[in-house]
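These come from TrEMBL:
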- 171-244: domain 'PAS' (DOMAIN)
- 245-299: domain 'PAC' (DOMAIN)
- 447-490: domain 'PAS' (DOMAIN)
- 668-873: domain 'Histidine kinase' (DOMAIN)
Amino acid sequence: MLSVGWDHHDLATALDEAAVRDVLERAAELLAAALDRISSQTRDPTGEIASDIRLGAFQQAIEDAADGVAILDDEAYAYIDQTHVDMYGFDSKQELLGRSWRELYAADEAARIEKEAFDALERDGHWQGRVTGSRPDGTTFPAELSLTMVTPSRMVCTVRDVSDREAREHELALKERALDEAGTSIQITDPTQPGNPLVYVNEEFVQLTGYERSEALGRNPRFLQGPGSDSETTKRIRTAIETERPITTKLRNYTAEGEPYWAKLSVTPVRDANGIVTNYIGVQHDITEQRRRIRELRDQTERLELVLSGTETGIGEWDFSTNTVTLDATLRETVGASPTTIDEWQAIVYPEDHERAADALRRPIETGDPAAETIRIGTDDSEVTWIDLHTVVSDAGDGSASVLAMGRDATKRSERVKWASKLFDQGPLLFVQTRAVGGEAVIEACDRSFSDALGYEREAVVGQPLSEFYDDTSANSLQTDGYERALSGDLTVAERTLVTTDGDTVPCLLRAIPRTVSDEVVGTDVLFIDISEREKYTRRLEAVFNSPHQFTALVRPNKIVTDVNDTLVTRIGVDRSTIVDEPIDKFPWLNLDPNHRLTVCEAVNRAGDGELVQTEGELQGPDGLARIDVSFKPIRNAAGEITLIAVEGKDITVKTRQRQHLQVFQRVVRHNVRNDLNKLVGWTTMLAEEPDADCRQDHLRRLTRIFDGWERLTNKMQVIDRAIREIPHDESSVNIAEVTETAATAVRDDHSDATIAVSVDATDETVSRWLTHPVTEVIKNAVAAGDREDPYVNVSVRQVDNGWLQIVVADDGPGMPDIEREVLVTGEETPLQHGSELGIWLIRMLVSVLGGEIDVDVTDTGTEVVLRVPTSSANRNLGLAVPGQMS
């Protein structure tokens, strides 16, 4: 008994009580004799060797026992084995020998043991019960203690640590509660008993069948069958049980009231460590309603054969009061992880399913009702496991906020449902049924959709090889390995091309499902999805996507760019690989109109919420800035989920600038020319009536100045018009020093009294030749500011960033008016009232077209106009972006 680790309770299960008493009394006598022998000081030398051999074996049996063994004399330890020492957390036997047993228990526990055990020992000679041992480090453990009196002052003590047993009992209790509350009918039978009777049924079984537990337990599940049950199905179930194999099938059962119902039954054998079947677990899914729907939709469902296979079910507990998660081995294997906290569990749930998964766990606690959800496990789309989760509130009764859940793998079902939905979205379905004849696919039946699509009568199709209706490529694929893969159940969707009677081709997606008769594969059910229209649509989309007149980028809702068209790549002048798979806001080549108070990221977010966002912006590239009309359009998949955002832009640079040009021209004509015409009328009238030749000469000079102003106005309008049309295609360049000197010389020729100083600290850099016009106009306005005598203007050029030049024109005038400063800096279209302000617009327009920017600083000492423009080499440098600030 000691050597195998049995205690009084274990022995009682194998022997009757009288036999137990005899064994214990005999053991007590042997122990007493052994102790007397050990303590004896006088030994027979001849018999001592034999006795030592017997005692040595006996002592070894004690040391090897699974339980701790000790002998107490007057309640103090006279002998103790190492198992006992280890169990109570001591280092050696010497620490316990001679000490009282009470020191191994808390005071209240020792008092309880004395009260319960000592009366039984005095009365019966033995006692057994559950105790809580204490260790020197303060930890405790549950144990079963057995005491047997040997003499009035001596007793034998055995103790067993039952921590593992209690954990197993707790786990079993959790499983039993979860099984009892699961949304699936579960039954367990015991094949070791005659007739393989039911030994457990859960509440769902009672609800489904109408039989109470007392009516079902002890009976073989065959009592659920009735006159309409299929004999072949029941025979297959019996055969599977006799051969100890799992089986999943559908059968017709009957409730306690005699009402038939259809169930999908999965029976799985449970084996012990030795491989012996100890139980069968049966799971019934009520599919009565499902079969009714299947009958209504028989044509489609028979073609797709969306049969959901049974899967193993795991069990777990989520305790919100302690933030702990406990999953059994099955559920851990299903989810592919071992979370121990609720946060760790939430981390493995697919991001879009976080809310539903949390709700499924919280709802039973808040409402008391069970919940069910199908969620995904995985952090991205690369590998996702679908889980059917059924949750119930724990009935532990200790006030803890915990939930029990059963989960089973539903990946195959979910993926097939998604696949089936996609099939119907892709085009018309054509159906044929084949039979394998000599390894060849021969059409045994077809629906009218197939024959009509190809222009045949149905009778002309049946009996013909399927390859007869394929083009050469598809026929070759079928005859090499295509049909073998179809017969083996390969679920891969393949592309095939059918040929009509007129020789036209019909591109299709093919899906073949093995067809069985009496468990033997005899052919296939074949679905062809006509994707002709889809391919036309795809070609149209590709044509739009690759349109040379539109910039297009595809962006995920997380702002990662997935693709861009060639037009956009060419326009922004960067390599495609530097854009794709990167955040859209990583490259500052797209800036939205600041007047709309919208950033690129904000536009993507709004489109990700389902909104169509339309605005204007600027696109930066080697050819300068392009004004674009840009939209952010959400793209939804078949399930209605927004998976992509199309960012589409059309270049409206020329149109915008021409519109602005026209608006400026209209204002100039409306204000300046109208005023000049009034002056012309007045001066010409005076000229005609003036008798004095000198006065007439003065009037004529005034008229000439008006006409000269009109000429300057026309020249500036022509410069702006040419710049809008030619700058995007003009790659000519000149040295920056030549540009500034040419501009300064032109102004000096018209204003001899002006002092214009020029300093260039970037003599090797070149810029567009068109920059000469705005620089000349800025210097001219600086000289003319305030009509002051001996005006002074300083022009300086330096390189501020790689590929960027800063041109500063500073004057000592009274300060630029706010209306002109706003035109230069912001491009505000305010009414222009004289020719100099048209020059202001020329500066703004040309610098913008060249890809630069302008700033104006007005102080008490004058005005500084700062032009920041790209060099010619920078315009050719891929990925050029406007610097973030003026300096």
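Quick reminder: no glycine exception, Cβ is built from N, Cα and C everywhere.
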Could you give me the DSSP helix, strand and coil counts for the domain 'PAC' (245-299)?
11 helix, 30 strand, 14 coil
Treating G and I as helix alongside H, and B as strand alongside E, what does DSSP give for the domain 'PAS' (171-244) in helix, strand and coil?
38 helix, 9 strand, 27 coil
Can you work out which residues elsewhere in the same chain, 6+ from the ends of the domain 'PAS' (447-490), have a Cβ less than 8 Å from its Cβ atoms?
428-432, 434, 436, 439-441, 496-502, 505-506, 512-514, 521, 523-524, 526, 528, 530
State the mean pLDDT for the domain 'PAS' (447-490).
88
By DSSP, what is the split of the domain 'PAS' (447-490) into helix, strand and coil residues?
31 helix, 2 strand, 11 coil
